[in-house]
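Visitor: Annotations per Swiss-Prot:
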ACT_SITE  Arg237  active site
ACT_SITE  Glu266  active site
ACT_SITE  His285  active site, proton donor
Amino acid sequence: MKPSIILYKTLPDDLLHRLEAHFTVTQVPNLHPETVARHAQAFASAQGLLGASETVNRALLEKMPALRAASTISVGYDNVEVDALTARKIVLMHTPTVLTETVADTVMALMLATARRVVDVAERVKAGEWTESIGPAWFGVDVHHKTLGIVGMGRIGMALAQRAHFGFTMPVLYHARRRHQEAEDRFNARYCDLDTLLQEADFVCVILPLTAETRHLFGATQFARMKSSAIFINAGRGPVVDENALIAALQNGEIYAAGLDVFEQEPLSVDSPLLNMSNVVAVPHIGSATHETRYNMMACAVDNLIDALQGKIEKNCVNPQAAG
């Protein structure tokens with residue numbers, strides 16, 4: 001008899017068929033309490049859980065006593081209570097490698113769009129404001145040869161450093177929990193403390209997961225240390241930044257502009273002051289959102305769950321100690 005799983009994400013037919021070859025699959029729209037109650041027996045017997053974006057917490061786990069593995073279609077897992085899974089010997093799988101290059105493309109796009117004011121001037125053209133040769137009021141700033149500061153030198157940080165160093169001749173500074181010798185050797189990146197990075201960088205790019213240590217790592221003090229000409233990019237997690245402090249820094253001219261893919265609350269409120277600022281490029285968490293990469297993420301998550309329920313957790317496992 002096949003193990004049973006809960007699937008709370010719509011998958012392409014070929015990936016669904018791959019799952020069905022190994023498991024009895026119950027598809028649900030979400031993990032809300034009313035959904036769990038409606039499918040109580042399926043949740044109670046499920047050994048696997050696959051999906052994205054929904055909260056996986058102790059309350060849910062209490063309804064899933066047979067659960068052995070959860071697979072998230074994402075690299076981040078701040079919506080999952082990992083400690084609760086580990087305590088129940090449930091492994092958590094994620095997709096850390098397949099989205100690296102695509103997210104780095106997004107960060108580079110935010111840097112370019114923000115510096116060159118692409119969104120702002122495109123909207124002005126559409127509004128019929130281009131009635132004569134443009135002047136300084138339409139100008140942006142250069143990207144090439146500017147100093148890039150990367151906060152979080154993981155896979156995505158490395159891919160961004162590669163683009164910046166080789167493509168735009170940008171000196172690269174970085175701050176991370178530990179020095180990254182490959183970044184220093186390949187891109188001549190310079191490790192420095194956060195304060196030094198903030199003071200010297202023309203672009204400050206944040207690519208950090210959300211943890212207790214990184215929550216509101218960027219606040220009024222950090223923005224005050226940045227150059228008034230600096231551009232701030234956040235493509236990690238929204239709550240790493242105190243959004244009110246960012247808004248104040250932009251309003252007060254403490255920094256030049258911001259390119260944001262993530263926010264403290266998502267979707268971003270239509271009342272957010274960020275939406276009324278011409279020096280802000282705000283996009284709806286599109287870091288990995290290409291057809292190719294999202295398919296590859298789903299395929300990776302499917303394979304991760306198949307492997308995990310066969311006892312294979314050599315790669316992409318967040319908490320391998322849970323299998324001990």
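Keep in mind that glycine also has a Cβ here, set from the backbone N, Cα and C atoms.
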Visitor: Measuring Cα to Cα, how many Å separate Glu266 (active site) from His285 (active site, proton donor)?
Guide: 8
Visitor: Given a separation of at least six residues and a C-beta threshold under 8 Å, show me what packs close to Arg237 (active site) in the same chain.
Guide: Gly76, Asp78, Leu208, Pro209, Leu210, Thr214, Val262
Visitor: For Glu266 (active site), which of the three DSSP-derived states applies: helix, strand, or coil?
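Guide: Glu266 (active site) sits in coil per DSSP, no helix or strand.
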Visitor: Looking only at Cβ atoms, how many others are within 10 Å of the one on the residue listed as 'active site, proton donor'?
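Guide: Around the Cβ of the residue listed as 'active site, proton donor', 18 other Cβ atoms lie within 10 Å.
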